[in-house]
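The structure appears right after this line, and notes come after that.
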Amino acid sequence: MTMMASFLDSFVSKMPSLSTSDHASVVSLNLFVALLCACIVLGHLLEENRWMNESITALLIGLGTGVVILLISNGKSSRLLVFSEDLFFIYLLPPIIFNAGFQVKKKQFFRNFVTIMLFGAIGTVISCTVITLGVTQFFKKLDIGTFDLGDYLAIGAIFAATDSVCTLQVLNQDETPLLYSLVFGEGVVNDATSVVVFNAIQSFDLTHLNHEAAFQLLGNFMYLFLLSTLLGVATGLISAYVIKKLYFGRHSTDREVALMMLMAYLSYMLAELFDLSGILTVFFCGIVMSHYTWHNVTESSRITTKHTFATLSFLAETFIFLYVGMDALDIDKWRSVSDSPGTSVAVSSILIGLVMLGRAAFVFPLSFLSNLVKKNESEKINFKMQVVIWWSGLMRGAVSMALAYNKFTRAGHTDLRGNAIMITSTITVCLFSTVVFGMLTKPLIRYLLPHQKATTSMLSDDNNNTPKAITIPLLVDQDSFIEFTGNNHNVPRPDSIRGFLTRPTRTVHYYWRKFDDSFMRPVFGGRGFVPFVPGSPTERDPPDLSRA
């Protein structure tokens, strides 16, 4: 009893300190939630503004909050929470990338898949190389500390990462489907490539560089890309098969919604467990789930999952931009570079210039190569579109921030002056590119592509997931083409000479649909292969499999 009493006394004596710490955390979380609400309200009010978007609104609110906290704390702190790359990569990035794959218009994405891979993979390597060469030449002339080859390569990988969160808010896939698919697809592949290259540089022995090491690095990248994609596809197919066979909806829609959410997150965590690219894995898992799993659940679950994934993605995006704005005023980092503000400004200016040069080095040449193999004029990337693609990818955000923190800080803090300059420069580049380039993107698109909305939003497919360009009927069979065009003889038919020369009547998409309908959908479900349960309140009529 005496021991028990002493234990209780010690526990009670510790309770005030615990409650004080918990109270501070509760206050911080309350303020952050209130700021998220403010971002949503102000974003709604400024939705029609030609200059502002929700990401810029969240950044500015974060900056304003940081100033207030800085004044209240007498210059000691500007943050409610400590930035952690683990928080970003494990909790915030997965719902954003998954929802992007879940909501993407698959026909547009896969029709431009080769171009997307050119921009996202090869383009990222080119941009990383240009930035690395540039900082190697310029930084040696500035007094910012001692950097080795690994540091310069890491800087190239950090600033080669475009912010897919920003670019998704710049373009609308209903108004500009081709541009959206290219910019969005490049953003996802770019993020994955940048992270893979960054991790490879961190773990690679740069003291013994030779041709064999270069091929080994290339082989490692292809290995990670293929296995990450296969893991995402496999996870999505498993979820589709389980839900199709067990059909949870006959008893509880909550279970099938929960299973979809958990399987989506499991795909990302499995990729991290096996040291693969979680970004690619969860993205392709989202595509497969939207193609198969989503059609296997009840109607109420479809509505629930669609809005739930979109809401989680939206909150994660807003959270990221809000915190980046708040963390930009971290006094500890700026105090380390206060003795040489000119150097910090010079470094930031050099990085912004190299970012612009790095994108131009691959967007325009690779667009030219892509146009050479495309015979249809409507699928070619004209110069105005190339300018939009180049501009919309100039923004840098949370991915660059997280990689910079991983490289140049320890537990969110840094004591070396050179590292502090790189952190403050990264913050400056992210803020400047997001606010300035982001504000100018909408007017730029309206100026370069004034009629884009009228020509692309006129048609949509039957499941409202993929816009139909005027050339889509040439991808399908004759009956579908006649059903689509009706008596419009101005559209080239696949059996005419002009239609045949414009596009072959048998394409990859045609053979994939044949394979999908014959083998994949009967096993994994999908539109037209939904399991039927008599008396189901959401599926009262059995599906007509002949129209699948």
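Residue positions begin at 1 at the first shown residue.
Each Cβ is built from the backbone N, Cα and C atoms, and glycine gets one as well.
Bear in mind that the values here come from a model prediction, so they are computed numbers and not experimental data.
Taken from TrEMBL as is:
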type	residues	note
TRANSMEM	24-46	transmembrane segment
DOMAIN	34-445	domain 'Cation/H+ exchanger transmembrane'
TRANSMEM	58-75	transmembrane segment
TRANSMEM	87-104	transmembrane segment
TRANSMEM	116-140	transmembrane segment
TRANSMEM	152-171	transmembrane segment
TRANSMEM	178-201	transmembrane segment
TRANSMEM	221-243	transmembrane segment
TRANSMEM	277-295	transmembrane segment
TRANSMEM	307-326	transmembrane segment
TRANSMEM	346-366	transmembrane segment
TRANSMEM	387-408	transmembrane segment
TRANSMEM	420-440	transmembrane segment
Practice task
Examine the transmembrane segment (116-140) against the transmembrane segment (346-366) and state whether at least 3 Cβ pairs sit under 8 A, considering only residue pairs 6 or more apart.
Solution key: yes
Practice task
For the transmembrane segment (346-366) and the transmembrane segment (420-440), decide whether they are in contact, meaning at least 3 CB pairs lie under 8 A, counting pairs 6 or more apart in sequence.
Solution key: yes
Exercise for the section: Mind checking which residues of the chain, 6+ beyond the ends of the transmembrane segment (221-243), have their Cβ under 8 Å from one of its Cβ atoms? Expected result: 121, 192-193, 196-197, 200, 256, 259-260, 263-264, 266-267, 270-271, 274, 276-289, 292-293, 296-297, 523-526
Problem - Paired segments the transmembrane segment (387-408) and the transmembrane segment (178-201) in contact, 3+ CB pairs under 8 A - result: yes
Practice task
Could you name the stretch, out of 24-46, 58-75, 87-104, 420-440, with the greatest number of CB pairs under 8 A to the transmembrane segment (307-326)?
Solution key: 58-75
